[in-house]
Amino acid sequence: MTISFEGRDIISIKDLTRDDILTVLRIAKQLKEKPQPTLLKNHVLATLFFEPSTRTRLSFETAMKRLGGTVIGFADANVSSASKGETLYDSIRIIGNYADVIAMRHPLEGAARRAAEATIKPILNGGDGANQHPTQTLLDLFTIHETQHKLKNLHIALVGDLKYGRTVHSLAQSMVHFPCHLHLVAPESLAMPVHIVHDLKKNHISFSLHHTFENILPKLDILYMTRIQKERFSDLLEYEREKNTYVITAAMLTGVKKNLRILHPLPRVNEIHPSVDETPYAYYFEQAENGVFVRQALLALVLGKLS
Amino acid sequence: MTAQTNNPKEIRVQAIKNGTVIDHLPAGFGLLVIKLLGGMPARKIVTLGTNLKSYARGTKDLIKIEDRELTKNEVDKIALIAPNATINIVRDYRVIKKIKPHLPETIKGAISCPNPRCITNHEAMTTMFHAHTNKKQVAILCHYCEKQFSQEEMVKYI
Ligand SMILES: [Zn+2]
């Protein structure tokens with residue numbers, strides 16, 4: 001069942017039903033195919049970035065402007081009243097009176113949920129600490145659907161830092177709605193957290209654990225790479241030993257399925273060698289572009305302009 | 001009728017005229033329960049017995065609060081740390097009601113979130129948790145940061 005999106009907050013991927021997700025993907029596809037440059041004319045989006053993230057902020061702002069709306073906001077907390085000690089609640093309460101919809105990022109977990117209590121205007125969570133970043137998950141799902149024409153029964157590998165990467169956590173959790181086989185590829189010390197593995201088991205999602213991915217490449221429909229940061233390793237020897245295990249190069253891509261697509265939430269460091277960019281399997285730049293369409297869809301939906 | 005009896009049942013029934021007796025608390029949990037209930041009530045006599053003999057599990061804690069009857073809401077909070085406690089409401093030396101705490105689905109206030117990066121630890125606001133029971137294991141989920149904690153972890157944050 002789908003509840004109307006109008007006025008809704010998009011805080012956590014867990015708040016969205018399967019039908020909700022499919023609605024967002026459908027509208028995003030519609031807007032990608034047929035732009036609506038005046039749909040949100042006379043509407044104001046506030047982008048409140050209490051923690052800087054140029055890419056996510058620009059993506060939200062582009063989405064709003066491509067629909068004919070205007071944007072207000074700030075790009076980092078030092079220029080907001082938060083630096084003067086104002087509570088998040090007060091900031092949102094006030095800005096809620098200026099804007100029709102708010103997209104925000106905040107370093108603290110639960111900040112978007114708290115912000116939603118301060119205003120009746122819809123809040124779009126653009127990341128709250130290590131917790132949620134639902135628009136990223138939606139654009140990942142959109143991209144998987146766009147490249148595979150389905151969301152179910154795919155072989156998806158999540159590679160890299162599965163312990164701290166909130167992107168892969170949310171994506172894995174969304175598989176509850178779209179059963180796929182997940183190949184979880186990570187070094188021992190950066191393995192998928194137990195509570196998520198537990199969720200997968202509880203929901204009968206099939207998955208397998210791996211330390212390397214070269215041997216599973218021929219099976220895959222989606223290879224989802226993530227950054228491995230040196231500072232995440234408790235054991236630097238392990239880092240030195242493992243750092244090249246999680247790098248994909250063009251040479252490794254012989255014998256893969258034709259429909260394989262490689263995704264990455266970007267920015268990449270060196271886990272995708274530039275030689276991959278020229279192969280037909282690279283899809284991470286298109287994936288980033290899709291973020292704009294997914295955010296357009298959310299803006300149009302929560303403002304009640306499309307359904 | 002002497003108070004110096006070794007039978008805890010008699011102590012409980014005889015010792016207070018009106019109020020609440022919280023019995024069968026795990027040993028060492030008495031002070032935590034008082035804290036959970038918002039500290040010592042002003043101008044009320046509170047007696048805490050700790051490491052008392054218990055037939056069922058060896059030792060236990062017991063709290064007597066005179067002239068104050070716990071509300072359903074307060075009783076349910078106790079379930080968070082002592083789901084097997086028994087709460088007796090006493091009027092005129094008689095137990096008129098025995099209540100088993102029932103873990104509420106939503107717990108507001110009373111505990112802080114163990115996650116230091118949670119917004120609730122940085123802003124003057126009321127915490128909220130959702131309790132899920134799965135095969136007798138209770139998991140407490142923060143409404144805000146969405147982190148999940150075990151009952152044992154939560155006890156430290158009362
Ligand atoms: Zn929390």
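Backbone N, Cα and C atoms are what each Cβ position is placed from, and that goes for glycine too.
The structure displayed is predicted, hence computed values, not measured ones.
Per TrEMBL, the feature carbamoyl phosphate binding site maps to A:Arg55, A:Thr56, A:Arg105, A:His133, A:Gln136, A:Leu266, A:Pro267. The Cβ of A:Arg55 (carbamoyl phosphate binding site) lies under 8 Å from the Cβ of A:Leu266, A:Pro267, A:Ala288, each of which sits 6+ residues away along the same chain.
Within the same chain, no residue at least 6 positions away in sequence has its Cβ under 8 Å from that of A:Lys84 (L-aspartate binding site). Sequence annotations record features per position, and here TrEMBL assigns L-aspartate binding site to A:Lys84, A:Arg166, A:Arg227.
The annotation domain 'Aspartate/ornithine carbamoyltransferase carbamoyl-P binding' is assigned in TrEMBL to A:8-146.
The average pLDDT the prediction assigns to the domain 'Aspartate/ornithine carbamoyltransferase Asp/Orn-binding' (A:152-301) is 93. TrEMBL lists A:152-301 with the feature domain 'Aspartate/ornithine carbamoyltransferase Asp/Orn-binding'.
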Ask   = So, in DSSP terms, is A:Arg105 (carbamoyl phosphate binding site) helix, strand, or coil?
value = strand
Note = Rounding to whole Å, the Cα atoms of A:Gln136 (carbamoyl phosphate binding site) and A:Arg227 (L-aspartate binding site) are apart by 15
Task = Any same-chain residues 6+ apart from A:Arg166 (L-aspartate binding site) with CB under 8 Å of its CB? Would you list them in sequence order, or say none?
result = A:Gly127, A:Ala130, A:Asn131, A:Gln132, A:His133
Request  = Other than A:Arg55, A:Thr56, A:Arg105, A:His133, A:Gln136, A:Leu266, A:Pro267, which residues of the same chain sit close to carbamoyl phosphate? List them in sequence order, counting a residue when its Cβ is within 8 Å of the Cβ centroid of the site.
outcome  = A:Ser53, A:Ser59, A:Gly126, A:Gly127, A:Pro265, A:Gly291
Ask   = Among the binding-site residues A:Arg105, A:His133, A:Arg227, whose Cβ has the fewest other Cβ atoms within 10 Å?
value = A:Arg227
Note = Same chain, |i - j| six or more, Cβ under 8 Å of A:Thr56 (carbamoyl phosphate binding site); the result in sequence order is A:Phe49, A:Arg105, A:Gly126, A:Gly127, A:Thr135, A:Gly291
Key: Fewest-neighbour residue among binding-site residues, criterion Cβ within 10 Å, set A:Gln136, A:Leu266, A:Pro267   = A:Pro267
